Ligand SMILES: Nc1nc2c(ncn2[C@@H]2O[C@H](COP(=O)(O)OP(=O)(O)OP(=O)(O)O)[C@@H](O)[C@H]2O)c(=O)[nH]1
Ligand SMILES: [Mg+2]
């Protein structure tokens, strides 16, 4: 089987439409077409090498440059209304794959030691490696992601196709001499497009260990990234990558539409139709051995095609019959046999159309698509076959009552649709796309919440209650931190085993390796036994956290409108995340949440006493622990947040709550017009630590650097100061060639905490050697830290660009104003072209 056939056959079962082995537009097509690639309204055929051979488009006028090949005689424009096209610009996030088999995928590390320019494609690292142990597989890899667009009002095209089918075949075969087989004409109603892709497939008789491939990025002269496959196992794998000239979102990886078939008007032909039993059918068996080529008046003399002349059993009116393919390469498309079977069953019909969504809707999670006859059987069970007055037949999978209520077509609305369909790729991404970057706990999610609070207020309000388990977990964490320091002997056995009972734990004989022994300040033995007693009382609380089941992160649970992005394996050296998974707040069941709230309420008194205890405060101070500045600190609000009817407040609790971002997510906001900025859609991506994977079509990056982290080290490497780590990430972002065009906004965050720490006497010079003996006031310190960031920016940017930097405390309500001025700035600085807003 040809590679293209194997590939499409394996990926058809994914239900995304017809997969193209050759996503790039053919070179000889009109340049206006090549720029945008396949689009809604295209009429063409799938070729045996797995491409879409475009002929004309029904949505634009006959003299549109796209229709330079010509249009059928009775051509009329298929008029669409505004809103008829549903667009999902980021349907495929960068680094996505569509694969027929289980795949191990990894982003490749950039080899920093090679001294190469760091090329960081959108997919992260220097490309991807994939491997599978399956016997056969087809895979589509989209390093830069992809968009999808679909016609909402498909009925319009269905009726159009039924009406014009005859004309189309006449035009293609008689006028253009294309010799397209009956059933092959495809009217496109939906397409998935990408700017880059890799496709691969193989099939081998025996499974011989893993098959692996690497899709690697390289930069071409235009400055764009091009991908190519490398493999050590050339033999069984067919693989392609493209495009050759990257830059446009014009590569069609999946098509959806109507397949159109005419009734074969000759008895001899109908008799030749052979339908194989479903169980042992192979793709080529599913097609008639004689193919009908309607309206061809070409004298066919090749061995493949034979014109059988006129006569009672042969074609007349210039029709041709393709006879006896020596090794026919039929392009397998599920809709083809369905159309044939429909026409067999409905003898009065002269033309049949089947939409891809019809057969997709009867797929049942199968790894290989069932044969057409089985699909036809399922379709008959699900939808009625309907005919129209002109002799057209189709599966009626639509709610026709809705069809009649469609809004009338207007000229301007139609033009808008054309614009949507035919504007060049860089204009395809409407609105502002902001990427939030920065080391862990830098304030990315907090800033996002400020955006949500301001611009998606209704949802933000609705979601407040969902933060309660997170806040519960934050409180318990704070108590655990205190007890670990002030009463290690009481709680450490629990930390170790998580299971020992309070009776066991309180025994003096238990020795705890690694626990911190804090000497009791003189004359405080009474107080210390009081602390021990409090610790024993509070121990069950620590257990209650252990009862939390691992679950999705709060970001995943929060809102339906969040678009989850895929988790990718990222090179460990490039993650700046602490690896302590036990710190990830998780959400358990509602019952557990209520139970925990009850416990918290019943222990509110002991918790307050523990926190307020002067010895506890003294010990924390001696050990330089400033709990108030730790993420998720709620001990000052205990009586409020432990109330049974507690609902987190939006302005304070939700903003202060601490939940490590486990999964990247994208959030969309509809921004209303204000005095400075027009209306527009903004999307903000909070990537957690998976940041290398996402920067396609980003308008600006907001980099958050927590200034207060100057006295902290990375948990995973205590030799690295967190501020220095921030500088290292910043350097990497500034120097990236691929980000050279992206505007950078620097948030020097947690200014409030920096100020408190300095006032508390923590000296910057003790932790940042270069600070030397400068003054310890917050102004001097913050200006110094900022100058380090700006110097890195200046010396590492591949080309000059301005930097917008701010001192921020994104937890403060005032940062809402900053967010709104940021909005104006993003617009003013022309970070996006104004026509998009
Ligand atoms: N006081 C203060 N706290 C802040 C500030 N910014 C963030 N925080 C707190 O710091 C903690 C971490 O903030 P997040 O927004 O979760 O940090 P992040 O960058 O999303 O962290 P990850 O998801 O782990 O990568 C939260 O508890 C915030 O309330 C700030 O400017 N001032
Ligand atoms: Mg976060």
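The backbone N, Cα and C atoms fix where each Cβ goes, and this holds for glycine too.
According to TrEMBL, the feature Mg(2+) binding site maps to 661. Under the heading GTP binding site, TrEMBL lists 749, 750, 751, 752.
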Give me the CA-CA distance between residue 751 (GTP binding site) and the residue listed as 'Mg(2+) binding site', in Å, as a whole number. 22
Which number gives the other C-beta atoms within 10 angstroms of the C-beta of residue 661 (Mg(2+) binding site), all protein chains shown included? 22
With respect to ligand 2, which members of the binding-site residues 661, 749, 750, 751, 752 satisfy a Cβ distance under 6 angstroms to one of its atoms? 661
What three-state class does DSSP give residue 661 (Mg(2+) binding site)? coil
Among 749, 750, the one of these binding-site residues whose Cβ has the fewest neighbouring Cβ atoms within 10 Å: 750
Quick one: pull the CA-CA distance for residue 750 (GTP binding site) versus residue 661 (Mg(2+) binding site), whole Å only. 18
Taking the Cβ of residue 752 (GTP binding site) as centre, how many other Cβ atoms lie within 10 Å? 18
Euclidean distance between Cα atoms of the residue listed as 'Mg(2+) binding site' and residue 752 (GTP binding site), Å: 23
Measure from the Cβ of residue 751 (GTP binding site) and count the other Cβ atoms within 10 Å, all protein chains considered. 20
Residue 749 (GTP binding site) - helix vs strand vs coil (DSSP): strand
Cβ within 8 Å of the GTP site centroid (749, 750, 751, 752 excluded): which residues? 443, 706, 707, 708, 748, 753, 754, 755, 807, 808, 809, 810, 811
How many Å lie between the Cα of the residue listed as 'Mg(2+) binding site' and the Cα of residue 749 (GTP binding site)? 18
